[in-house]
């Protein structure tokens, strides 16, 4: 999550210190050449409305009233899509909504609202009230807020907003022949207007004439206007008692239920009877819906600049990252699909698998029972279908794909850093600085101790170090217990799998016996998925309680702590069963005659002679695809049902003569989750773990992730445009703490893929066999299966039904290991075992070091900042510096002229 916050310190009597506006007749506004510093004679061109073009508007002689220029058309109070005050001129920048009640509590709320709104008017905001009798539901009162030009310019300067200074005169063309070819993925240029490209600088009222103010009403975007209003809302006080500390901020007003909601308005309806091509856009919301949120636009690039202009940089960066991640999945999905197709094409040409399926060869080998008592002997050929399925994912192409994905992850990180730098410059967030945050309302309500803040020099609550230590120790203990619950759930699934495997192996049906492992693994994975989804909801509540118990001072600290807890919970919850199959299943079972029963008296489950990789693949597929299906179902249907229900409730209470206004329509939309983009990022980060950590076991994971993300982008876009209230256009410089988490997952992925290939798959044993032992008459499964004398069985391991009619008098059976046969040094590890172990360890060392080296090489070769961005940043800094010098020169010259005109005494 973002670490940046627009919330500011506690206010004084004035929300901000006063900054003098330059006098209209000041010489600062005279004799000023345009930015770019070419000599310009005469005045700047003026349009038919009297507005000076190109940013060199003369302010001399202007009054301080706001210019009444409508945005397309003036508001009609009788229009259900009206975005203006009743005068049809002042645009609504923010809405406060509340449902009035009765009693003493409502009297206190009313007084707080009165004081709060008086503070807003004192800061220059215009307010207009809508009584509940004018609402469709007859229950909700609304306060409409408008920020005049003077307020916008004052706070734009105080908030260091970057505004257009002059057109970008650097034209760097790196277009290639390929990029000049039209593609179906490009947005329609007839619909999408070309974005203006400007150099920007922090806004200053003393140099207002240097900025490109073509129209006062459109100079500040709707997102900027709402952010300015929110800045004032976050600082306005609502308690006048001078004896107590002042309480302030719209968040506190909502938390104490003085207001029910505070939100900027959507730009209007998103549906239209007419096409964009025929009539053009009705508003920005309509345009975003048509070119971005509609399902039929799933293959188109995202209009990132339009998203940023409408929803703000924080949401824009999320969609930029999600789109970039999805785009990067395309080569990974293609390579993974090719590896899977290679497995399908060569499965019947694989010699070890063909020998296993041949009764005349290895298929006739008698295998030791897979469980105690109820399981009997079985033929190796019974594992034929299982082995062929395993080969689809466990073949030489899988090793190549694991190496490819390790490099892919490195490329993804480095190229995203470049893309992020471009966005930081283009969206003016490269120098975005975090302001001092105010304490959370919950923090102030819970903490009794106070001390003076070293920054604001005001008394505020604080938590001493010893109290923090106790709280952190308590939360750590509860987290540890919660993680143990997850491991307990995994253990329960393991026990289920052991029991169901034994039951299926004892069945008389050959079909059930031959597929018992797959059936047990598949049903266990489904049960595990249900447990995961249930524990997710439980952990969400536990995470909220624990994070609140830690009493974090600011919203950023709270979000970081909550993010860490939830990611830890989710990581263990989703991946623990997969880690068990990949690294522990079948590793500590012992051997026939000396099975390990230390796990609560149970004999541990074994892997098939073909390995555990297909079980790992099945577990991943069910959990990953099931999670995505559940998430999409919840995100598509549930919000639609909620909006429909609230809209129906609003419409049935009053007659149809009441106008269903835009602010009430937006009030009935769902709220964006309190945690913002946390759930969206968490979902994608967990998916990234599936794509990278265990990709050696499931090469189709990038393909499924790609298909899911194509829908995820449109689902999220649809929610933001149609289902949710318009969120505050918050700013952010990057994806925050999630980048570090992704980097950590990538490092884990390099290790896990190396270990999966070395120890879980059959790749290393097969390579050792192929290059060192295949010249002998020994077949692969004769080579990889050891011999056991059945007279050495433990009493509890002897099968009840030996199936003499099928197997005859069995004297020896085979099991999966590299041990000596009965006789001299019986059942000790053979030289082959140590040879294969050395090869496995060597592979891990080579794989990890090669990947780390190539990752370092990528980081060295790919610069973090593109050359074009670097040039434009240098040019912009030069222009801003020259603008300051020019302004100071004019001030100095005007001062000398004024001094020369003074009479001498």
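Every residue, even glycine, has its Cβ placed from backbone N, Cα and C.
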Candidate ranges 660-684, 710-734, 735-759 [criterion: TrEMBL lists as transmembrane segment]: 735-759
From 1-49, 50-98, the residue range that TrEMBL assigns the feature region 'Disordered': 1-49
Candidate ranges 517-540, 589-612, 613-636 [criterion: TrEMBL lists as transmembrane segment]: 517-540
PLDDT averaged over every residue in the domain 'Anoctamin dimerisation' (84-304): 82
In contact by Cβ distance (the transmembrane segment (735-759), the transmembrane segment (478-505); 3 or more pairs under 8 Å): no
Close approaches to the transmembrane segment (832-862) from elsewhere in its chain (Cβ under 8 angstroms; 6 or more beyond its ends): 402-403, 406-407, 410-411, 414-415, 418, 750-751, 753-755, 757-759, 764-765, 767-768, 772-773, 783, 817-819
For the transmembrane segment (561-583), sequence-distant contacts whose Cβ falls under 8 Å of one of its Cβ atoms, 6 or more beyond its ends: 1, 475, 479, 482-483, 486-487, 490, 493-494, 525, 528, 532, 535-536, 539-540, 542-544, 546-547, 550, 552, 612, 615-616, 619-620, 623, 627, 675, 678, 682, 685-686, 689-690, 693-694, 697, 737-738, 741, 752, 755-756, 759-760
